[in-house]
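Chemist: Quick one: this structure, given as structure tokens, is what I'll be asking you about.
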Amino acid sequence: MEKSVPLHVYHVNKTSIIINRAHAFLHSIALLFLIHYRLSFFFQHPKNTTIPTLPWLLIFVSELLLSLAWLFTQSYCWRPVTRTVFPERLPADDKLPAIDVFICTADPNKEPSVEVMNTVISAMALDYPPEKLHVYVSDDAGSDATLRCTKEAWNFARYWVPFCRKYDLVTACPDVYFSSSEVDSGNFEGSEFKAARTKME
């Protein structure tokens, strides 16, 4: 049995590990001293206290919250790695697994249906074998507007998806593609493309 070629490799940056862990250790010591200092204020005799308690307590709580936020971010710095991907090593289309894309929406007022449909069309235009790509829209509100927009998006996608694949568009979202002034990659030479783009618009 052939050994499969990895689709990505990663490299652990040991210098960054040493620096990040040393910084985390020193920062933790400083935080412990700060917490000890703040807590010692509350155990002083009331006669020795000249600072109001409420502002001190608010500062202490805010410092605890910031310390907790800092602690949660340390997981990303504890073992930093860099990855190199090899998309050319992907298996042939017939060996790729089928994937399902779920797009959820709940309120057409807060999530305009046009923007949701741009997401749907972008998912349909993914560079993946079409017979193995399934896109689902979950509308928790059961809105008639979302249903109508989904039907219109499906009709538009029948022309948009082949257009994206024919001209190798990187930007598959129609709204972004037509509103962006940057030139997308692909084959854009000739009057045929210009006519097709005008028709899409």
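Each residue, glycine too, has its Cβ placed from N, Cα and C.
From TrEMBL, here are the annotated features:
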TRANSMEM  24-43  transmembrane segment
TRANSMEM  55-73  transmembrane segment
BINDING   K110, E111, D140  UDP-alpha-D-glucose binding site
Chemist: Using only the residues recorded as binding UDP-alpha-D-glucose (K110, E111, D140), report the maximum Cα-Cα distance in Å, whole number please.
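Modeler: This binding site's residues have a maximal Cα-Cα distance of 13 Å.
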Chemist: For the recorded UDP-alpha-D-glucose site, whose residues are K110, E111, D140, find every other residue on that chain with a C-beta no more than 8 angstroms from the centre of their C-beta atoms, and list them by sequence position.
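Modeler: Residues close to the UDP-alpha-D-glucose site, other than K110, E111, D140: T105, A106, D107, P108, N109, A141.
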Chemist: Report the same-chain neighbours of E111 (UDP-alpha-D-glucose binding site): residues 6+ apart in sequence with Cβ closer than 8 Å to its Cβ, ordered by sequence.
Modeler: T105
Chemist: Around the C-beta of K110 (UDP-alpha-D-glucose binding site), how many further C-beta atoms are within 10 angstroms, looking at every protein chain?
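Modeler: There are 8 such Cβ atoms around K110 (UDP-alpha-D-glucose binding site).
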Chemist: If I restrict to non-local contacts, at least six residues apart, and a C-beta distance under 8 angstroms, what lies near D140 (UDP-alpha-D-glucose binding site) in its own chain?
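Modeler: Once residues fewer than 6 apart are set aside, D140 (UDP-alpha-D-glucose binding site) is near C104, T105, A106.
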